[in-house]
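> Dropping the structure in here first, questions after.
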């Protein structure tokens, strides 16, 4: 150690400060290689989407002519308009619009209710502990592991008994019940790291159960709420099984509508319309990810690393 | 009956009793400190006063009203937590007035109270900041502000200084003492730091293993500790506890102790009652400052006994010099003036102020004189 000259320590030229994202300093060659691989994978993942987009703005004749990969010679948005409002779905030429609305009417309340209930559950399970709370939480976690198919028949019976069969409220109920396990898990783990002294302080300040939740807990729950919303939104929006099983014509969600559009056995298969419809069905989740995605990662990491 | 009465209070978790028949009280305006090692039950007791933990048996009364089962917010108390527990999403101003808001105090009055408290604690310039933007000392002030603004009957402090660095801790200690002198409010303060306990309190409850070992003024606790635990816990360096035997010479009780060379030495005791212990073993308790050089001995003391003994170590601390010697087979620390000329290895003339010495029963560990 003593052989290191003082000079070496003092007059070292300032090395480029590594940014926060690069924990390991890499050479230029390694960098190029990394970016090349990343680009390759990005292309690999984007290709199917690109083909969908390309073919959704082509006339059908160009697709059936065998030019799936080529750019359209004739740009048109007719397939989109058709998919949205005039395409034949089942027996009605309604387009996907009513199903899109059904899905929105189902997803928004279902996500909101399951997230709020999950937050309340997490709050009670961590800050208002009672005998057997960990067992209860363990049981709730089971909801995360039960396959959808198992509950189909009992759920159908329950919905029938409650008079909610084949309706949007019925679907909302199903999704809330099924999502509670996840949202409770998220919020419980998030609130477990939240200092209990704050709750006690608020209690001494005279705030009650809901006031503490509303004024103290919720304002700091942003990251985990985003996680919960994204998770629930994607799951519920993309659900096909419950939608196909429990909805009737007035309440069918987008996924079922899309299936009916693509699988209609009459007439010509309008691939360009199908592509447009599929993109329409994927847009909302895409939007949620773009808007809230960075909070998603941040929220998932919260608690594991301090700060 | 005092302003804050804790009568026969116990706390059990299931069949395990963690607090045993605690019986203490404080007058209005007193600064009561609960001190003890961790796990002694002091924080549990504070939480019971606060209403955050249920009382298993006994009564707690504040200002003449039994508050068992009364909700924390209805006891007219305020608490400063160890972690400060500031609401991270609110500004300093909102933090301080949150309690008033919850109690339905109208906005103009809240603002007035806030301005007063902020001025008192000199945090006027911080009111719009978030807790994350404050230093440790500032957070501490805000936490106190939140308690002050409520104008409670009793303030509860749960180890409020333990998160601060050493220098700031001493400053804040003085601040708290000043605040108490200025406002004259009743305070219950939990700490494991015996210096905080001694400097701040008007009354101390020393606790260990769920029992109150001694309850009294700082002077009583320091001068006449009721048992060996209190004697060794309070004071730094702690009280010298020397195994000795009582012998009666010329009609007065003496202790016989072994010096560093193993020679028996006689020291006359100031308590005549100890004659009854003649021939029996005791533990003699002498504070370090009661063992000095002859010039440094207390002039007012009626019973300063000379003692020749060999010095093992000297530790000059600037303000004092700590001298270690051996008595009764144990290391004994003497606190001398900084300029006392002592060197290790020499046989030195110590002066022991026996008026300040106490005696304990080695079996029951209680003080006998």
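Glycine too: its Cβ is placed from the backbone N, Cα and C atoms.
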> If you check TrEMBL, which stretch out of A:33-54, A:55-76 is marked transmembrane segment?
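Transmembrane segment, as annotated by TrEMBL, spans A:33-54.
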> For the record in TrEMBL, which of the ranges A:171-191, A:234-254 is the transmembrane segment one?
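Residues A:171-191 are the ones TrEMBL records as transmembrane segment.
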> For the transmembrane segment (A:99-123), which recorded stretch in the set A:33-54, A:135-159, A:212-233, A:273-297 gives the largest number of Cβ pairs separated by under 8 Å?
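Going through each listed stretch, the top one turns out to be A:212-233.
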> Relative to the transmembrane segment (A:273-297), which of A:33-54, A:135-159, A:171-191 accounts for the most Cβ pairs at distances under 8 Å?
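Going through each listed stretch, the top one turns out to be A:33-54.
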> Residues of the same chain, at least six outside the transmembrane segment (A:33-54), with any C-beta under 8 angstroms of its C-beta?
26, 68-72, 275, 278-279
